[in-house]
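**Student:** One structure coming up, written as C-alpha cells, with questions to follow.
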C-alpha cells in the first residue's frame, strides 16, 4: 500500500488546521453560510437531510486494517455507530456535528486519510478495480497509476474550479469492474509492444444525461500519461460550459463538439504540454510502484473446491462470493454489505472492526471498497476461507449474493439525501426480500436504484435499473432494462410508465418471470434482454 | 399554514421555528404566515440556524404535518432506521411520513 511521504502528510495536516480555523470562524459568525459552504464542501462536509454528512475519501478503494478500524472509531465516536460505503468507493457518515468535523479530519490524517476531493468541482477521488493487485486477468496493478493521478490532481491549481466535478477511473484488465467508461475519463492500462500505456476514454457519465465515453486515444505511453491528461482537462476547462450546470460536464462538451474535434484539440494541447515536462521521472514512478508490490504470498497449494461440500451454506458462499486470485492457493473474497432486507452499503462499527480484523489476520492487511458498495478481502489463502466465512457469518456479513439480484446498488435516497425525489432503500429491501428465494436461479442480475436523476445509484448501468421521481408530491419509480457498467457497457432503456413502490416490485417480478421463460441454457438476464429486445418484457410488464 | 425549518448551525439537527425559539419537534412548529423569510434572515444572522426555508404544512390534531414527504422525513428521521428517528418507540410513526 502507498505510504505518505512528508509532503503528503504535511499538506493533509495543513488542510486540517485550515479547516479548523474556518469552522471556528463560521461558528463565531465571521463567515456567512454562503462563504463557508464552498469551504466545507472542499473538505467533504455536506449539509444533508437530517444533519451534516461527512464523506471520507478512500483513494482507489484501498484500505488497511488500521484505517478500517479508524472508520469504525469515527462511526462510534462521532456518528451513530455506522457508516455508509458509497458507489465512489468512499464512506460517508450521516450525523456529524459541525464542531466535531475538524477533530475527525485530524484523526483521519493520523492514519493517512482525509476528505479532500469528495466534493466540489475538482478532480474527485480516483476510483479503480477492487481486485487490483489480485486479479488473474490484469496487465499490471492499476493502483500505482491511480496514486500518481491522486498526487497530480490533489489541489491542482488549474483544476480546482472546473466547470463541474470530474471523475476518473483506472483499470488494467479487459474485465471492467469499475464502470470505467461511465466516468469523465476512463483509463485502461495496457501494454503495446512491451511498453506500458493507457487507452483513454473521455466523456462518459451517468446523471441526467448518461453517456458512454468514446475512445479518444488508443494508446498513450505511460511516461506521457500525465501530460495527456493535463491536456484533456485543459481543453475541458477552456471549452466546458459554465453557464448551465446541467450542461457543464465534459460528456456534454465531447458530445456537442464531437469526439473527433475534442481529440484534435487535445492533441494540439498535448504537444504543448509535453514541452513543459510535467511527467514524473522514472524514479518517482518506481518509488510509487514499489509500495504496491505484491505481498509475500506463501507457496501454498490450491484447495480443491469440493472441500467446501461439507457445509452447504459455505459451499454456496464459496461459489458466489469468492473469485480467482492470480496467486495459486489464494482467493479474493467479496464481503457482501447487502443482507437480505438490510440497507445496501451500510456497516456498523462492530462489522467494520470485524472486517479490519479479518484483513489483518487473513488478507495481508488489505481491504478494498467496491463501487457496488461491498468490501473485498483481496488476498485470502484458500485454506483460510472457511474460517473467514465463519467469522463473517457471526457478524452478519456472509450473505452469498455477489452480483445476484439482491446485491443491489442503492443510493441513500430520500431517507438521507436532500437532492433525492424518492426513497431507494425501502425499495431495495423489498426487492431483496421478494427475490432472495429464487436469486440463485436468476443468476447474475445487477439491479441498481437511484432516488433522483443524479444517478448516484447507477440506475442507467443496471441490468435492471430503477429511477425514483417525484410525481405531484408522491414517490414514483421508472423501470429501465438493459444497462451495464462492465466491459459490455450499455445504457438502460425506460420500459414505459412508472409505478408506485409496490407496483415496481411486481413489475420486476414479471420481468424476471419473462426472463426465465425466454432464457437459453446458461444465458444471463442481460444477454436474454439483448437477444430478444425490450418488447417481450414490455408485454409482460404492461400486458 | 406556513412553517419555518432549517438546521441547527452547530449540530446540524433539523429544527422548527416554534414562534419564539427553535424546536427539534415539528409538533411545536408555529404558523409564520408571511413572516418566515424575515425570521429566517434574523435567525441565520444570529447563527442559530442554517439553510432555513419556509414550507407548506397542514394543521392536524397532532400538530403541523409538512405537505411534502421530504420534510416529513426530515421531521421524523430516516424511515429505514426507526431506531434513529425522534420516535423510536412508536411503531406507527413511519405511517405519518407516508
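Here the Cβ of each residue, glycine as well, is placed from N, Cα and C on the backbone.
Those TrEMBL annotations? Automatic predictions, nothing curated.
Straight from TrEMBL, here's the annotation block:
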- A:52-110: domain 'Nitrite/Sulfite reductase ferredoxin-like' (DOMAIN)
- A:119-272: domain 'Nitrite/sulphite reductase 4Fe-4S' (DOMAIN)
- A:334-394: domain 'Nitrite/Sulfite reductase ferredoxin-like' (DOMAIN)
- A:408-541: domain 'Nitrite/sulphite reductase 4Fe-4S' (DOMAIN)
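Have a look at these and tell me how they're positioned relative to everything else.
**Tutor:** Confidence in the domain 'Nitrite/sulphite reductase 4Fe-4S' (A:119-272), given as mean pLDDT, stands at 97.
Taking H, G and I as helix, E and B as strand and the rest as coil, DSSP gives the domain 'Nitrite/sulphite reductase 4Fe-4S' (A:408-541) the counts 57 helix, 27 strand, 50 coil.
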**Student:** Is it possible to list how many residues within the domain 'Nitrite/Sulfite reductase ferredoxin-like' (A:334-394) are helical, extended or coil according to DSSP?
**Tutor:** 27 helix, 15 strand, 19 coil
